Structure formats: structure tokens, C-alpha cells
Amino acid sequence: MNSSTPTANGNDNKKFKGDRPPCSPSRVLHLRKIPSDVTEAEVISLGLPFGKVTNLLMLKGKSQAFLEMASEEAAVTMVNYYTPVTPHLRSQPIFIQYSNHRELKTDNLPNQARAQAALQAVSAVQSGSLALPGAPTNEGTVLPGQSPVLRIIIENLFYPVTLEVLHQIFSKFGTVLKIITFTKNNQFQALLQYADPLNAQYAKMALDGQNIYNACCTLRIDFSKLTSLNVKYNNDKSRDFTRLDLPSGDGHPSLEPPMAAAFGAPGIISSPYAGAAGFAPAIGFPQATGLSVPAVPGALGPLTITSSAVTGRMAIPGASGIPGNSVLLVTNLNPDLVTPHGLFILFGVYGDVHRVKIMFNKKENALVQMADANQAQLAMNHLSGQRLYGKVLRATLSKHQTVQLPREGQEDQGLTKDFSNSPLHRFKKPGSKNFQNIFPPSATLHLSNIPPSVTMDDLKNLFTEAGCSVKAFKFFQKDRKMALIQLGSVEEAIQALIELHNHDLGENHHLRVSFSKSTI
């Protein structure tokens with residue numbers, strides 16, 4: 001590049017040989033260590049969340065670029081943001097600092113056509129005069145009927161992506177009003193509503209195809225046909241940020257096991273730090289297992305999460321299970337008494353069980369597949385260490401992602417069962433009260449759905465015949481359909497729940513049994 005151009009003339013480059021004194025703030029930023037195959041649009045996307053990008057100069061031979069922001073303030077915000085959280089392009093860390101240049105003059109430079117085209121495309125989107133691919137085309141300047149609602153599908157979901165994570169990522173592109181998350185066709189999806197359709201356009205352009213965490217949790221984004229979302233509950237599945245008065249409906253109790261340390265070069269905006277991040281559910285590795293977590297190279301100390309950083313949670317080497325997995329390995333079962341149905345009922349207290357497989361060659365081990373990772377974590381936390389049929393059950397995350405059904409003609413002895421369409425799932429209905437009534441196993445059971453004709457003695461006899469010693473019993477004063485029954489031990493209560501949940505009490509009433517937090 002000839003040195004007569006009034007732009008970067010290579011001096012910036014020489015100064016890195018020693019520790020260069022930090023420049024005073026400038027709206028021109030100097031980016032180093034850029035991968036050679038990176039596109040102009042990708043470099044621009046680093047600046048987009050912080051404001052308008054007004055110019056770009058790519059020096060591919062030197063793996064550098066200069067990015068000019070519309071204002072010094074935007075550049076300062078960007079540098080401050082990326083100082084603790086190293087940005088990555090194509091999973092390579094990028095280094096950003098202020099340039100000595102106050103502005104970029106690139107008019108007379110060759111090879112600037114692509115940069116200018118990329119900038120024009122971005123500014124057209126920002127001003128709303130461009131129809132994005134996938135968006136309805138238009139004759140006018142702003143897209144008529146362009147929805148402020150994005151539909152987001154997350155592929156390769158190896159780690160749980162919480163509503164908070166989505167809020168943090170998408171808030172960089174404008175005010176997020178509402179988010180609803182759900183699982184459809186076995187894919188984790190979200191609907192997210194911005195205050196303005198422009199923000200939605202802008203976020204789609206910057207984030208579509210990006211990974212949230214390293215090499216996984218890929219965002220696929222398009223515009224929703226809905227133009228506004230109706231959120232009934234504020235909890236971990238849905239939220240209306242404009243209405244803090246909504247009930248929680250079905251909020252899971254938030255789990256706060258110790259955070260797993262984070263490994264690997266992360267995706268969009270995450271930094272590899274072992275963080276005490278305020279996300280539920282973090283992936284728990286109980287400290288008792290004595291896993292030593294190696295120091296993460298380049299990791300920062302425990303950070304409280306900023307409004308924009310996202311942790312990349314990865315598995316700890318040596319821990320067998322996959323974080324974010326919904327399949328549990330259950331060991332130390334009593335092979336003579338355990339059945340797929342029994343495990344389905346017990347684990348079903350903490351989530352919807354889709355499949356159970358008791359190991360053909362080792363019947364004291366089983367795999368239990370839950371509806372999602374939250375539920376698997378919940379079941380593991382509550383059931384591991386409890387006694388069942390005289391043995392202390394152990395539950396850990398499995399290395400299997402699903403439970404395979406036996407092939408035609410394969411001998412299985414009924415040890416593998418698919419319960420995905422069972423009518424006994426407790427958590428199918430969004431907003432179900434069951435979400436609020438998840439408690440650890442206890443000697444006192446909560447009974448419900450009791451028909452008027454069934455008496456206290458009928459129920460006591462039912463439990464005595466199942467081999468339990470009944471210590472106390474009481475109907476709810478306000479609602480005789482419900483009662484508490486206290487048994488001799490937690491183990492008795494677990495076995496009674498397995499045996500008697502869904503027991504036919506006549507008059508088309510099936511008994512509902514769950515663990516109670518109260519005692520009699």
C-alpha cells in the first residue's frame with residue numbers, strides 16, 4: 001500500500017513491536033489478528049451493536065482492519081465492552097484498540113468497493129430502506145407490515161440456553177419487550193418482540209447463523225408472522241419486560257448448583273471464564289465429586305455477569321456426562337423390584353419422562369430420558385442419594401443423548417419403554433400448578449383428586465396394604481379432594497408414590513400423589 005494515502009500507512013503496525021502506549025479515544029478503531037477469510041460484513045458486525053459504522057478499511061495482507069464509528073462515544077462503548085470480553089471472528093480472538101487516526105479517508109483507495117457495498121447494505125437496513133433476504137420485498141422505503149417479532153430456532157443445543165441469555169444477546173440491538181420460549185418439533189425455539197421492526201431487522205442481520213457458545217447453539221432467525229406477542233406469565237419460559245406485575249404461572253425453582261467452569265473459545269459474545277454467573281440452571285457438578293477444574297487459559301476471575309456477556313459453559317474433562325443433557329444414568333437399583341414404569345412414575349415427579357431403559361445385562365442400571373435438561377437436573381438433584389427398595393439410588397448425567405428403542409425382533413424383555421405420549425405427564429400444560437409444587441422426597445405425601453365417597457379409613461387402608469406404616473392423616477379443610485398422609489420413612493413414601501400414583505379410586509378418579517413440603 002503506498003504511503004501517500006492519507007490513511008493508515010503502516011505506522012500503526014510498527015508500534016506493536018513494543019508495548020504501545022494506549023492511544024487517546026478515537027472513533028476509528030484498529031482491529032488486529034483478523035482471520036484471512038473473514039468478510040467485510042463480519043467485521044462490521046462487531047461494531048453494529050454499539051452504533052452506526054461509517055467506514056471500514058480491510059488490510060487483509062496484514063490481518064488488520066480499521067473500523068470507523070459514527071461517534072467517538074460509540075467507539076468508546078465498543079472498546080469498553082470488548083476489553084473484558086474478547087470478541088471472536090470465526091473462533092479467532094480479535095484485538096481492538098483506538099487508532100491514531102481521527103477518521104478514515106478511503107475515497108481514492110483501490111479494493112474499497114466491497115467494504116463500501118457492505119456498509120451501504122448495513123446503513124440501508126438501519127434506515128429501513130432495504131428488504132433483507134427472507135423479508136417481504138417492498139416498493140417503498142420502509143418495509144410495510146414488517147414484524148417486530150423474530151422467530152429464533154436454536155440448533156445444536158448442547159447447553160441450555162435460558163431466556164436471560166437470549167435477552168442479553170438481543171438487547172444489544174434494541175429494546176426487547178417480550179420473549180416466549182418453547183420446544184417444537186424437538187427444537188428449542190423462541191419468539192422475541194422488539195419495540196421497533198428496525199431493531200428486529202438489524203438483530204436478524206447480525207445474529208442469524210451465529211453460535212452462542214463455541215461450535216454449538218446456532219441461531220437461525222427469521223421474521224414471525226405475528227406482529228405482537230401475548231405473554232401471560234413472567235417466568236423462565238416467557239417474559240413481558242413491560243409488565244412486571246404478571247404472575248409466574250409455571251416458574252421452575254431456579255437451580256443454583258456450583259457453576260461448571262467454562263472452556264473453549266466461545267461464540268457470539270461470550271468469554272471463556274469460570275463465572276459465578278446468575279443463570280439458572282447452571283450445570284451442576286456437586287463439589288463432593290472432587291473434580292479439580294484446571295485453570296482456563298486466559299480466563300477471567302469469577303465475574304458477575306454484565307448485561308452483555310454470556311458464559312460459554314463446557315463440560316469438565318473427566319466428567320462423564322454431557323452438560324445440558326436430558327438423559328440420566330441411574331445406578332445401584334434393586335434389580336428384582338425396579339421396573340420401567342416405577343422409574344417413570346418416580347422421575348415423573350420432577351419432569352416429563354419420555355423413555356426408560358433398564359440395562360439388559362446389568363439390571364441395577366437404567367437410563368431415564370427427561371423432556372429437557374432442566375428437568376433432568378431437577379430429578380438428579382432431588383433423587384440422587386435417596387433410598388429405593390433398600391438401595392441408595394445414584395443419578396448422574398449420561399453420556400447418551402437419547403434412549404434408543406429396541407429394534408424389531410431384538411430381545412428386550414420389556415426393559416425399554418417409551419412414555420413420550422403418556423397421559424400421566426405432570427408438566428405438559430404451560431402454567432400448570434405442578435411447576436410450583438416440586439419438592440424433595442419426604443415422608444409426608446400430598447394426595448389429590450380424591451372423590452367424595454372415599455373416606456380417611458379407605459385411604460389409610462390403601463397405604464397399609466401397600467406395606468406402609470401410616471403415622472398421620474388429614475384432609476385439607478377447604479378442599480376435601482386433597483389430603484396429607486405421613487408415612488414411616490422417606491423410603492416408604494417413595495415406594496408408595498410409585499405404587500399408588502394414578503391408583504383408580506373409582507368414580508373415574510385416579511389418585512394423584514406427590515411429595516409435600518409440609519408435615520402434619
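The backbone N, Cα and C atoms fix where each Cβ goes, and this holds for glycine too.
TrEMBL labels come from automatic prediction, so no person has curated them.
Database features, via TrEMBL:
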- 1-24: region 'Disordered' (REGION)
- 1-11: compositional bias 'Polar residues' (COMPBIAS)
- 27-111: domain 'RRM' (DOMAIN)
- 150-226: domain 'RRM' (DOMAIN)
- 326-400: domain 'RRM' (DOMAIN)
- 402-423: region 'Disordered' (REGION)
- 443-518: domain 'RRM' (DOMAIN)
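Mapped onto DSSP helix, strand and coil, the domain 'RRM' (326-400) counts 19 helix, 24 strand, 32 coil. Shown for the domain 'RRM' (150-226): DSSP residue counts in helix, strand and coil, namely 20 helix, 34 strand, 23 coil. DSSP places the residues of the region 'Disordered' (402-423) in helix, strand and coil in these numbers: 0 helix, 3 strand, 19 coil. Confidence in the domain 'RRM' (443-518), given as mean pLDDT, stands at 95. The domain 'RRM' (27-111): residue composition by secondary structure is 25 helix, 26 strand, 34 coil, according to DSSP. Assigned with DSSP, the residues of the domain 'RRM' (443-518) fall into helix, strand and coil as follows: 21 helix, 22 strand, 33 coil.
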